[in-house]
Amino acid sequence: MDSILVTGNGALSGQIPIAGAKNACLTLMPATLLSEEPLTLTNAPRLSDIKTMTALLQSLGAEVSTLQDGQVIAMSSHDLTSHTADYEIVRKMRASNLVLGPLLARFGQAVVSLPGGCAIGARPMDLHTEGLEALGAEIELKDGYLHASAPRGLTGAVHEMRFASVGATENIVMAATLAKGTTVLKNAAREPEIVDLVECLRKMGAQISGEGTSTIEIQGVDRLHGATHQVVTDRIELGTYMLAPAICGGEVELLGGRLSLVGAFVEKLDAAGIDVEETAKGLKVRRRNGRVQAVDVTTEPFPGFPTDLQAQMMALLCTAEGTSVLEEKIFENRFMHAPELTRMGARIDVQGGTATVTGVDRLKGAPVMATDLRASVSLILAGLAAEGETVVSRVYHLDRGYEHVVQKLEGVGAKIERIKS
Ligand code: EPZ
């Protein structure tokens, strides 16, 4: 297993290009199952999660090929050979469950393994199944697999979700595009990745309105046609790299960044003493003079502070002036980066879903272990500003969501290298 060596090397300066959104691409790819015509995605990120989704779609019989060094994904699911998403793939990546809605809508059947828990939580699928059953699906759990069928097709319905689940919103919206009649989905998630999915479905002929609000309305159609769609910029990669100059000092421009993608996050950066300026090419980030100031953070569904930036923000607050309280309201176990940051000299007290961080002057480099995708990059960020060397092990977590991390950070002056094992 590879590791990454980071050495604190002072202020950063230069530009970092931001890739297409992993969490948009992972729902856009299963959308190919809704049509027998080809769907092509551009600006796709080069990540191991995308390779996993590719393997899953191919296991169903879809044709998936990548061009231009992985930035273009050409897909076609004219003839499928299977409707089963195998446990071996789903357990590695929960987003595999996003084939459930499309398979049900187009073929009237799907067998999808429950993902099982992961490092950050139990990750159940009850919100997905409740929504699909509201559309007339019959779903039974057997041997760890959801066996779903809609022998008479799906029928539009009014359905209110108990929680604004991102994945459940995506599965239900995709299924509803081919249902008979109208679906009104209430308490829908509002993430930009859902807006991006709807824009792609609309290009395929879907009749949808309300994306980005809590109520999405879908008029079912008989069939969808092919399309070409550019994947939206990755707001979590964007937010992650905005923290690099915040933690190290200096000024970095994030190419492709837009304020609309990171509103609540930028508000917190401003309160912490970080300036963010929108330019023609992206977002310019610099730390105001002096130390970062402590701020309190509570994670919420979009447009609130993203849970996927909580670990990275904690790394910044470890060296802030004062005490910060971080509340993780989305997942039940998303503070595994805390004990690793503590090894670097951070002062963090975790009580259930609340972490209290008392800032220290400077962290000290140490060997640390990545436990999940966002925790891994939080440790990289901490290492950028720490005194001495930090070795982050198990970086396969990092490869799931961040392409070319070493090159992107080296490009702005970081001292960082990948150690092959
Ligand atoms: C998506 O996961 C993202 N993944 C996650 O990003 C992100 O953290 C999450 O949304 C929240 O923003 C992808 O888009 C591929 P949820 P998802 O359904 O859809 C509970 C990353 O780092 N829940 O909104 O699985 C669930 O347990 C990943 O890129 C149910 O109880 O998130 C969690 O506590 C991590 N029942 C909360 O809701 C359900 O049926 C939010 O889950 C579904 C979810």
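Using the three backbone atoms N, Cα and C, a Cβ is placed for every residue, glycine included.
Please treat TrEMBL annotations as automatic predictions, because they have not gone through curation.
In TrEMBL this protein carries:
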type: DOMAIN; residues: 7-409; note: domain 'Enolpyruvate transferase'
type: BINDING; residues: Lys22, Asn23; note: phosphoenolpyruvate binding site
type: BINDING; residues: Arg94, Arg123, Pro124, Met125, Asp126, Leu127, Asp308, Ile330; note: UDP-N-acetyl-alpha-D-glucosamine binding site
type: ACT_SITE; residues: Cys118; note: active site, proton donor
type: MOD_RES; residues: Cys118; note: 2-(S-cysteinyl)pyruvic acid O-phosphothioketal
Notebook entry, point to check: If you measure Arg123 (UDP-N-acetyl-alpha-D-glucosamine binding site) to Lys22 (phosphoenolpyruvate binding site) at Cα, how many Å is it?
Noted result: 18
Note to self: If I take the alpha carbons of Asn23 (phosphoenolpyruvate binding site) and Ile330 (UDP-N-acetyl-alpha-D-glucosamine binding site), what is the distance between them in whole Å?
What the structure shows: 16
Next item on the list: Over all pairs in Arg94, Arg123, Pro124, Met125, Asp126, Leu127, Asp308, Ile330, the listed UDP-N-acetyl-alpha-D-glucosamine binding residues, work out the largest Cα-Cα distance in Å.
Entry: 22
Next item on the list: Give the distance between the Cα atoms of Met125 (UDP-N-acetyl-alpha-D-glucosamine binding site) and Lys22 (phosphoenolpyruvate binding site), rounded to the nearest whole Å.
Entry: 20
Check: Per-residue pLDDT averaged over the domain 'Enolpyruvate transferase' (7-409) comes to what?
Finding: 96
Check: Of these binding-site residues, Asp126, Asp308, which scores lowest on Cβ atoms within 10 Å?
Finding: Asp126
Next item on the list: Enter the number of other CB atoms within 10 angstroms of the CB of the residue listed as 'active site, proton donor'.
Entry: 16
Item checked: Leu127 (UDP-N-acetyl-alpha-D-glucosamine binding site) to Lys22 (phosphoenolpyruvate binding site) - Cα separation in whole Å -> 22
Note to self: Whole-number answer please: how many Å between the C-alpha atoms of Cys118 (active site, proton donor) and Arg94 (UDP-N-acetyl-alpha-D-glucosamine binding site)?
What the structure shows: 8
Next item on the list: Based on DSSP, name the secondary structure state of Leu127 (UDP-N-acetyl-alpha-D-glucosamine binding site): helix, strand or coil.
Entry: helix
Check: Secondary structure at Ile330 (UDP-N-acetyl-alpha-D-glucosamine binding site) (DSSP, helix/strand/coil)?
Finding: coil
Item checked: Among Lys22, Arg94, Arg123 [binding-site residues], residue with fewest other Cβ within 10 Å -> Arg123
